[in-house]
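**Student:** Okay, these came from TrEMBL:
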{"type": "BINDING", "residues": "G143, A144, Q145, H146, S147, G148, K149, A150", "note": "ATP binding site"}
{"type": "DOMAIN", "residues": "120-318", "note": "domain 'FtsK'"}
Amino acid sequence: MVQTPIVPHTQPTVMSKPQPFFEAAIERICSVYTQDSARKDGIYYWPEPLPTPDQQQPDPLVLFYPEQSLTTHTGMEQQECEAVIPMTRREVLERRSRDNIRPSMQIPLGLTDKPAEQQRETLLINLHGTGGDETGGPLLIAGAQHSGKATTLQTILFWLTTRFLPEQLHCAILDPFAELTHFQSLPHLYNSNGDACWSTGHADEQLRHFAESVQAEIQQRRTTFSQQHAQTLAQLWSQGMILPQILVVISNYQFFAERTATAMPLKKLVQSVIEARTLGIYLVITSTETNQRYIPQEIINQCSTKIGLNLKDQQRRELFGSTLLSTEAVPGRGWIQTPERRIQEIQLALPINGTNESLRDVELKRELLQPTL
Ligand SMILES: Nc1ncnc2c1ncn2[C@@H]1O[C@H](COP(=O)(O)OP(=O)(O)OP(=O)(O)O)[C@@H](O)[C@H]1O
């Protein structure tokens with residue numbers, strides 16, 4: 001039996017504002033009975049809540065450990081943020097040229113809350129999956145406006161382009177609202193023919209060209225796999241044949257849905273990419289809508305990992321097939337449904353720290369323009 005800790009009688013703490021009695025009591029207990037002593041007694045504390053962006057700290061959770069604190073526009077040093085990766089970006093860049101790297105579509109994207117297990121864990125999305133066709137798979141991020149969709153795409157691209165050399169990773173991006181333009185400068189966005197693989201898809205011709213170039217890559221890859229009698233990209237890499245992993249990003253899918261000339265070719269492209277996962281070709285889609293009018297139900301069903309950010313009740317039902325409580329309306333907060341169909345609350349990470357969007361934007365651009373190691 002665990003004994004109740006004895007709290008010595010101390011002077012009341014001086015507080016700046018009145019605190020409810022139970023909060024003051026908990027604070028007093030915590031000050032004398034540390035987490036370490038509790039663990040030794042077999043008591044595990046409820047984990048910290050998910051970090052919440054607010055006015056005081058708009059960037060509580062970032063991808064990499066910040067190199068240095070950025071100063072705010074008022075010149076004051078900002079508060080420390082939590083990092084998903086306990087390393088700076090520079091350290092990850094250094095490792096990528098040193099490590100014997102293997103293909104991997106595991107992406108650290110934030111934190112997840114598991115109240116039943118009293119745990120808060122790193123949220124790892126695995127687009128490849130480890131256990132056959134039902135695992136990994138396409139990622140769909142659906143969310144209201146300003147809920148953090150574009151930022152999440154930036155975090156995904158920032159991770160993958162930091163982790164992998166351009167010959168190991170290639171991205172093809174359809175970006176109608178030009179939210180990912182900073183990545184255009186990276187060699188990862190050029191295919192083996194030297195063609196840029198970023199497009200707004202505004203003109204039908206642009207979209208057709210984008211779809212054709214991705215389809216051509218898929219076709220070429222099928223031929224290579226069969227010539228080499230390979231089952232997986234990892235097999236080819238281990239034989240010294242480095243074909244890049246390909247990430248296809250379709251941002252704001254709903255934008256294309258009502259254009260009759262583009263809806264069908266885009267749907268066909270998505271189907272082909274979904275089928276090409278075993279060839280090392282992966283898909284991430286974002287959408288502000290979850291209704292069939294804007295995104296075909298087959299596509300929603302085939303996306304085995306789904307994230308919903310600040311959605312209405314009806315949209316949560318359309319996306320997850322079940323009614324969930326709404327989450328706090330802060331950017332990057334929502335629900336994830338994983339391939340095992342588990343649903344968990346999450347907080348997604350910013351790619352970079354900074355107290356407002358324009359500071360973060362400048363900093364991200366600067367990081368991406370820096371010569372890599
Ligand atoms: N995980 C996060 N943590 C903190 N702030 C975030 C996070 N994600 C996004 N934000 C901030 O919230 C705002 C909206 O983000 P973002 O532009 O990514 O949303 P969006 O869903 O793409 O919006 P829209 O649909 O209007 O394009 C931005 O100021 C962004 O910096």
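Any Cβ shown, glycine's included, is placed from N, Cα and C.
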**Student:** Check the domain 'FtsK' (120-318) for me and report the mean pLDDT.
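**Tutor:** A mean pLDDT of 93 is what the predicted model shows over the domain 'FtsK' (120-318).
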**Student:** Around ligand 1, within a Cβ distance of under 6 Å, which of the binding-site residues A144, Q145, K149 show up?
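**Tutor:** Near the molecule: Q145, K149.
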**Student:** Do any residues at least six apart in sequence from H146 (ATP binding site), in the same chain, have a Cβ closer than 8 Å to its Cβ, and if so which, in order?
**Tutor:** P331
**Student:** I need the neighbours of the ATP site defined by G143, A144, Q145, H146, S147, G148, K149, A150. Which other residues of that chain put their C-beta within 8 angstroms of the C-beta centroid, in sequence order?
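**Tutor:** Here the non-site neighbours turn out to be T288, L309, N310, P331.
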**Student:** I'd like the number of other C-beta atoms within 10 A of the C-beta of A150 (ATP binding site), please.
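**Tutor:** The Cβ of A150 (ATP binding site) has 19 Cβ neighbours within 10 Å.
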**Student:** Could you work out which of the binding-site residues (Q145, S147) has its C-beta surrounded by the smallest number of other C-beta atoms within 10 A?
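**Tutor:** Counting other Cβ atoms within 10 Å of each of the binding-site residues Q145, S147 gives the minimum at Q145.
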**Student:** What is the number of other Cβ atoms found within 10 Å of the Cβ of G148 (ATP binding site)?
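**Tutor:** Summing over all protein chains shown, G148 (ATP binding site) has 27 other Cβ atoms within 10 Å.
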**Student:** Quick one: what's DSSP say for S147 (ATP binding site), helix, strand or coil?
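**Tutor:** DSSP assigns S147 (ATP binding site) to coil.
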